[in-house]
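S.K.: Okay, here's the structure, questions in a sec.
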Amino acid sequence: MDHFLYKGGILHAEDVPLPEIAAAVGTPAYVYSAATLLRHYRLFDEALAPLPHLVCYAVKAASNVAILKLLGDAGAGMDVVSEGEYRRARAAGVPGDRIVFSGVGKTRAEMRHVLEGGVRQINLESEPEMRLLSEVATSLGVEVPVTVRVNPDVDARTHEKIATGRSDNKFGIPISKARAVYAEIAALPGLRVVGIDVHIGSQLTDLEPFRLAYRKVADLTETLRADGHTIERLDLGGGLGIPYARSNLAPPLPSDYGALIAEEVGHLGCEIEIEPGRLIAGNAGILMASTVFVKEGEGRDFLIVDAAMNDLIRPAMYGAHHDIVPVREAAPGAEMRPFDIVGPVCESGDTFAKGRDMVPLSEGELIAFRSAGAYGAVMASEYNSRPLVPEVLVQGDQYAVIRPRPTFDEMISRDTIPQWLHDA
Ligand SMILES: *Cc1c(COP(=O)(O)O)cnc(C)c1O
């Protein structure tokens, strides 16, 4: 459920008509609903209510500081994968003891930064990383709580670019090596084992892979405890999928997911952490665009819009589907016809949908890409020198620009011409 609904024939974000936002900030623009973000966070929080837990929002899904503040103020922890994300979470007022640092390639500088600033735990992904963290922590005279991300070798049955729990990908250590790795950590100064971490992939629309992975984590908990390690926290990752097409069957609910967690690991007495990103932010944001031209082609018609792959790369990168709807609701019974919906970037990959049934639109009309809140704005670039797409947050009947569109001058003035070219 989200808060983007037609009222009086006009698509609204909560109580704000989208044309009002388009008039103020132009298009393309991302628009988020605060009520939807909070609702999704609370669904997870309630789903885990029977167990001690912390829902750590995966910052990489949508990392605007205003979104982080909204969720952080509601009690969310944060899962970060870079110093930049850590700094964003802190800028949003989230305390270090609610921030988990994940990722396969943390650098010495990043480790030092989060250790100095305060961190809830660091999820380790390799042996060289353990040794480096031990060295950095010791040099600062601190002891850092750690987990090891284990790779349970389960098939998440999702897109290959976002599956992370198979033994042949770069994430975590093979679960079969876990005992040896935990023994090595226990002997390293500056590290304090607190638990186990697992994350098997993103956009999972079936709970079974989670069940298989969590069952392996539960077994490993018993084994590691028998070896003398303290396992008091289980970080179970993110990955719950969302319905990108309205016509599809609904994927599992956070409540089903919470019940599964209680069944598989509830008996262990651990504090549970989860790291959802997509399910919190995905349906809480849309990308609003305008049609530029309707171009009649041979055998197919094109709807050329002012958003492009640099603003929303998911269709080009993952072949992802986004529902695309007119902001002015189609008249009941209006005739649809198929369009290829494309952006202006000079690549055939800049195609949002092929043969998509749409009501005929004229030039300059507003459309909305639904379910664009996660992995949308964060993956935007200025390819083709298109200024970075702005972001707007709506709450009730108010809205605010939470990242303005740079002017052309701002975009160009970041480049500098070396002196030796001036001299030439
Ligand atoms: C990407 C990622 C997440 C979030 O995944 P979603 O599918 O957005 O819920 C959580 N944890 C880790 C370690 C990740 O890499």
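From the backbone N, Cα and C atoms, a Cβ is placed for every residue, glycine too.
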S.K.: With E275, P276, G277, R278, Y375 listed by TrEMBL as binding pyridoxal 5'-phosphate, identify the candidate in G239, G299, G343, G349 belonging to that site.
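M.R.: According to TrEMBL, the candidate sharing the pyridoxal 5'-phosphate site with E275, P276, G277, R278, Y375 is G239.
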S.K.: Tell me which of the binding-site residues Y318, Y375 sits in the most Cβ-dense spot, judged by other Cβ atoms within 10 Å.
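M.R.: That would be Y375, with the highest Cβ count within 10 Å.
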S.K.: Let me know the model's mean pLDDT on the domain 'Orn/DAP/Arg decarboxylase 2 C-terminal' (30-373).
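M.R.: Averaging the confidence scores along the domain 'Orn/DAP/Arg decarboxylase 2 C-terminal' (30-373) gives 95.
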S.K.: Are there any residues in the same chain, six or more apart in sequence, whose C-beta is under 8 angstroms from the C-beta of R278 (pyridoxal 5'-phosphate binding site), and if so which?
M.R.: A58, A61, S202, Q203, G238, G239, L240, G241, I242, A374, Y375
S.K.: Determine the binding-site residues, out of G277, R314, Y318, lying near ligand 1 in the sense that the CB is under 6 Å from one of its atoms, and give them in sequence order.
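M.R.: What lies within reach of ligand 1, judged by Cβ under 6 Å, is G277.
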S.K.: What's the CA-CA gap between E275 (pyridoxal 5'-phosphate binding site) and Y318 (substrate binding site) in angstrom, rounded?
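M.R.: A Cα-Cα distance of 22 Å.
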S.K.: Round to the nearest Å and give the CA-to-CA distance linking K60 (N6-(pyridoxal phosphate)lysine) with R314 (substrate binding site).
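M.R.: Spelling it out, the Cα of K60 (N6-(pyridoxal phosphate)lysine) and the Cα of R314 (substrate binding site) are 14 Å apart.
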S.K.: Let me spell it out: for each of the binding-site residues (E275, E347), count the other Cβ atoms within 10 Å of that residue's Cβ, using every protein chain shown. Which one has the most?
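M.R.: Compared across E275, E347, the most Cβ atoms within 10 Å surround E275.
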